[in-house]
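Written below as structure tokens is the structure these notes are about.
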Amino acid sequence: MNENKDTGVDKDAKSASEKPKLGLMSGIALLVGSIIGSGIFISPRGVLLGTGSYGLSVLVWILCGLICLPGCLCYAELSTMIYSSGGDYTYIKMAFGNWAGFLRVWSEICCVRPATIAVCGITASIYILQPIFSPCQPPHMAVILLACFFIMVLTLLNLLSTRGSIMWQNIAFYAKILSLLLLIGLGIYQLIRGQYDVFTAPFENTETSIKKFSIAMYIGLFPYTGWNYLSNAVEELKKPEKNFPIAILTSIIASTILYALAYSAYFTALTPHDVMTSDAVAVTFAQNVYRPLGFIVPLCVSISALGGLNGQIFSIVRMFSVAGRDGLLPSISAFVHIKRLTPVVPCIIEGTLSILFVLVGSAERLLGYLSFSTWLVCLFSAISLLIFRRTMPDTPRPFHAGLIAPIVFITAMSVLTLANIIYNTLDIIVGLFILLSGLPVYWVFVLKRSPSIDKFSRSISIYLQKLLLIVPENNKQQN
């Protein structure tokens with residue numbers, strides 16, 4: 001393994017010839033692009049079903065953002081202390097061992113990230129097609145095919161150009177901010193017209209079930225998924241010790257404010273029943289306020305979801321590369337195109353898996369499987385921060401999160417995880433099965449890897465090098 005015990009910096013990462021391309025604004029765009037993807041447009045129904053009222057549901061949206069805030073502080077310290085694009089995979093591996101790091105990358109590449117990409121693709125597809133088929137629902141096959149097309153196009157973009165991917169992320173960033181500001185502006189317009197009935201009794205019909213509230217919290221956390229993804233691209237970030245904390249804190253605070261305002265705007269033109277029954281709530285809202293906007297809003301929402309999709313692909317392939325350099329994945333995972341310097345194999349694998357998830361699952365079902373694994377990883381990353389303070393006390397920390405932030409975040413994640421184990425058992429079992437299924441794979445292909453497996457892996461690597469024109473990452477400068 002190429003691990004520096006003092007700093008946690010991967011030596012191969014240091015030797016990479018590709019210079020960082022992400023400035024502060026591009027870093028914020030990547031994070032906001034990853035956070036504000038599809039969640040604000042598909043989660044309102046689930047959050048409202050779990051809370052029953054506008055008042056409690058908007059508090060859930062704000063509370064979920066506040067829960068993420070101490071997590072951001074933890075990741076800011078970790079990322080400025082350990083310079084590696086493995087992100088939480090690297091933190092967990094260093095704190096708990098190779099087996100834990102492998103389980104992290106296994107669940108992420110096999111389930112969490114492909115499912116998230118699939119949700120973004122499905123959301124973009126629904127919002128593009130909904131105005132065309134309104135007032136009917138778009139055909140299921142049309143939604144699936146268009147979602148697959150979006151995934152293929154953005155996978156190809158990440159294959160062809162890192163700069164092109166960053167450029168699209170910046171475009172999507174402005175589109176999603178525009179779409180949310182448009183929704184908020186329409187909400188203000190409705191308030192001026194006197195449409196504020198739901199706000200006069202905000203807690204009417206509030207649910208008192210702890211089970212439903214815990215599920216609503218997990219669904220409400222999904223739209224914030226992505227706040228930690230810049231840690232998967234920290235090697236691409238200029239001046240990470242300065243820019244990372246600013247980018248991650250700015251992104252989560254801005255996203256929380258925009259989410260709360262946009263969600264509230266829905267209720268100036270829709271009843272709680274309308275929100276709970278609409279598959280494309282932003283379209284329904286726009287059409288109720290001013291029908292011509294029923295075509296403009298879906299376009300902005302789709303670009304927003306596709307920005308989230310692109311951000312997911314951009315960050316996960318960097319985790320692939322680091323795991324390949326560490327020997328926990330085949331070395332071919334860390335190879336890049338000889339001219340474009342893009343991680344070809346990870347892009348192909350994640351694009352293919354994402355399309356499979358589109359074909360087999362609905363967006364809401366995928367959310368249930370995603371949440372447990374996603375937040376369990378964040379929990380153990382925060383725990384690893386406390387471990388590093390004991391095992392690596394002399395390592396430079398350009399940013400220090402203090403003691404309260406990790407304790408608050410660990411407590412919140414533990415309570416939510418326990419509540420969902422009790423009240424949402426089926427999805428937790430599926431999530432655990434996916435996570436633990438990596439143990440036999442780790443035993444056979446990593447810990448007890450036989451010479452025959454090594455020989456087969458080398459043969460495949462040589463074949464793919466010739467086919468895809470890829471080379472080991474630390475050979476880029478020579479080519």
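In case you wondered, yes, glycine gets a Cβ from its N, Cα and C as well.
It should be emphasised that the depicted structure is a prediction, and the values quoted were computed from it without experimental measurement.
What TrEMBL records for 22-42 (among others) is transmembrane segment.
Residues 44, 47-48, 88, 198-199, 202-203, 206-207, 213, 216-217, 220-221, 223-224, 227-228, 231, 244-245, 248-249, 252-253, 255-256, 259-260, 263-264, 267, 272, 378, 381-382, 385, 399, 401-402, 404-406, 408-409, 412-413 of the same chain lie 6 or more positions beyond the ends of the transmembrane segment (54-76) yet place their CB under 8 Å from a CB of it. What TrEMBL records for 54-76 (among others) is transmembrane segment.
The feature transmembrane segment is assigned by TrEMBL to 110-129 (among others).
What TrEMBL records for 141-161 (among others) is transmembrane segment.
Residues annotated as transmembrane segment in TrEMBL: 173-192 (among others).
Under the heading transmembrane segment, TrEMBL lists 212-231 (among others).
Taken from TrEMBL, the feature transmembrane segment covers 243-266 (among others).
Within the same chain, residues 30-31, 33-38, 41, 85-87, 89, 105, 108-109, 113, 116-117, 120-121, 123-125, 127-128, 130-131, 150-151, 154-155, 157-158, 165-166, 168-169, 171-173, 175-176, 178-180, 182-183, 226, 229-230, 232-233, 235-236, 280, 282-283, 285-286, 329, 333-334, 343, 345-347, 349-351 sit at least 6 positions outside the transmembrane segment (295-320) and bring their C-beta atoms closer than 8 Å to a C-beta of that stretch. Annotation comment: TrEMBL describes 295-320 (among others) as transmembrane segment.
TrEMBL lists 341-360 (among others) with the feature transmembrane segment.
Taken from TrEMBL, the feature transmembrane segment applies to 366-388 (among others).
Among residues of the same chain six or more beyond the transmembrane segment (400-422), those with a C-beta under 8 A of the stretch's C-beta atoms are 67, 70-71, 73-74, 76-77, 210-211, 214-215, 217-218, 221, 371-372, 375-376, 378-379, 382-383, 385-386, 428. Per TrEMBL, the feature transmembrane segment maps to 400-422 (among others).
TrEMBL lists 428-447 (among others) with the feature transmembrane segment. Sequence-distant contacts of the transmembrane segment (428-447), counting only residues of its own chain at least 6 positions beyond either end whose CB sits under 8 Å from a CB of the stretch, comprise 98-99, 102-103, 106-107, 110-111, 327-328, 368-369, 371-373, 376, 420-421, 453.
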**Request:** Could you pull out which residues elsewhere in the chain have a CB under 8 Å from any CB of the transmembrane segment (173-192), counting only those six or more residues past its ends?
**Result:** 28-29, 32-33, 36-37, 40, 258, 261-262, 264-266, 268-269, 282, 285-286, 289-290, 293, 296-297, 300-301, 303-304, 307
**Message:** Counting a contact as 3 or more Cβ pairs under 8 Å, with residues at least 6 apart in sequence, do the transmembrane segment (110-129) and the transmembrane segment (341-360) touch?
**Reply:** yes
**Request:** Please figure out which one of 141-161, 212-231, 243-266 racks up the most CB pairs under 8 Å against the transmembrane segment (341-360).
**Result:** 141-161
